[in-house]
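Features as listed in TrEMBL:
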{"type": "COMPBIAS", "residues": "215-237", "note": "compositional bias 'Basic and acidic residues'"}
{"type": "DOMAIN", "residues": "143-193", "note": "domain 'CAAX prenyl protease 2/Lysostaphin resistance protein A-like'"}
{"type": "REGION", "residues": "206-237", "note": "region 'Disordered'"}
{"type": "TRANSMEM", "residues": "28-54", "note": "transmembrane segment"}
{"type": "TRANSMEM", "residues": "75-103", "note": "transmembrane segment"}
{"type": "TRANSMEM", "residues": "135-157", "note": "transmembrane segment"}
{"type": "TRANSMEM", "residues": "169-189", "note": "transmembrane segment"}
Amino acid sequence: MSVAVFLGLAFGLSWLLALPLWLGDGLASGWFLVVSIAVMATPAIAALVVVFFVERPEHKAQVLGLWPLKPARPLLGYAAAGVFGAIALVLAALPIGALFGVYPADIVHFSGFQQVLDEQVSAAGMGELPVPTGALVALQLAALPLAAVINLIPALGEELGWRGWLFPRLMPLGAIPAILISGVIWGVWHAPLILRSSRLLPPVREGRRTHRHHTGDGPRLERLDRTAGDRRVPPGHREVHRARFAGNLTATESIADAPGLG
């Protein structure tokens, strides 16, 4: 009963909030950022409704995976690994991808990023930017850890719902079924935005990538339960997505157009 209510709210609210993108200009809409952040909050809203109005447990914070904040040392260790480990993993993947020919790298002139900048400057009717492209790339990379902290706020919506509330309720089925089921559900939940973003990546291909990502998160999350006794928000969730932007900085072409990616 509780799981059905949770899923109905999480999916229903996400489609409802994404309607302006479907009825309007999609990713070109000025509301895209607001809508995408609002959609990220829907799993948390669903979890809060279920906990406060359906289940009504005595220790609500514990049921949501928000408390207790201990053991502190493993918690802080996993938090740091989530932030800096994700950045290191993505940055290491760039030269490896270039070596195997699946990533069109240009770490000298940053031609792909320069192309994006030129298009944006031209669209804004501005002249040439006074800041070198290399300096802009360095600033973007340096800002990744700070962006991770800021992005924890919208990421909390997804993690609180899927990780904090849903995953423990699936664990009685066993670790592997819980990982697979939660990963598929989490991936399908992205449908309102994925299907509308077809001009960036083909929806089916992007959908497969999203499913792999969230199902692949399962072993890492299940290990947190076993080693740190912890099921709170992993900071690496949003940082992985943020760090992937580094691929756009050092590419010779748009990542959306590059073959073999995704």
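Backbone N, Cα and C atoms are what each Cβ position is placed from, and that goes for glycine too.
Keep in mind that TrEMBL annotations are predicted by a computer and have not been checked by a curator.
Note on the transmembrane segment (28-54): residues 1-2, 5-10, 13-14, 17-18, 20-21, 60, 63-64, 154-158, 160-162, 164-166, 189, 192-193 of its chain, located 6 or more positions outside it, place their CB under 8 angstroms from a CB of the stretch.
The helix, strand and coil residue counts that DSSP assigns across the domain 'CAAX prenyl protease 2/Lysostaphin resistance protein A-like' (143-193) are 48 helix, 0 strand, 3 coil.
Mean pLDDT across the domain 'CAAX prenyl protease 2/Lysostaphin resistance protein A-like' (143-193) comes to 89 in this model.
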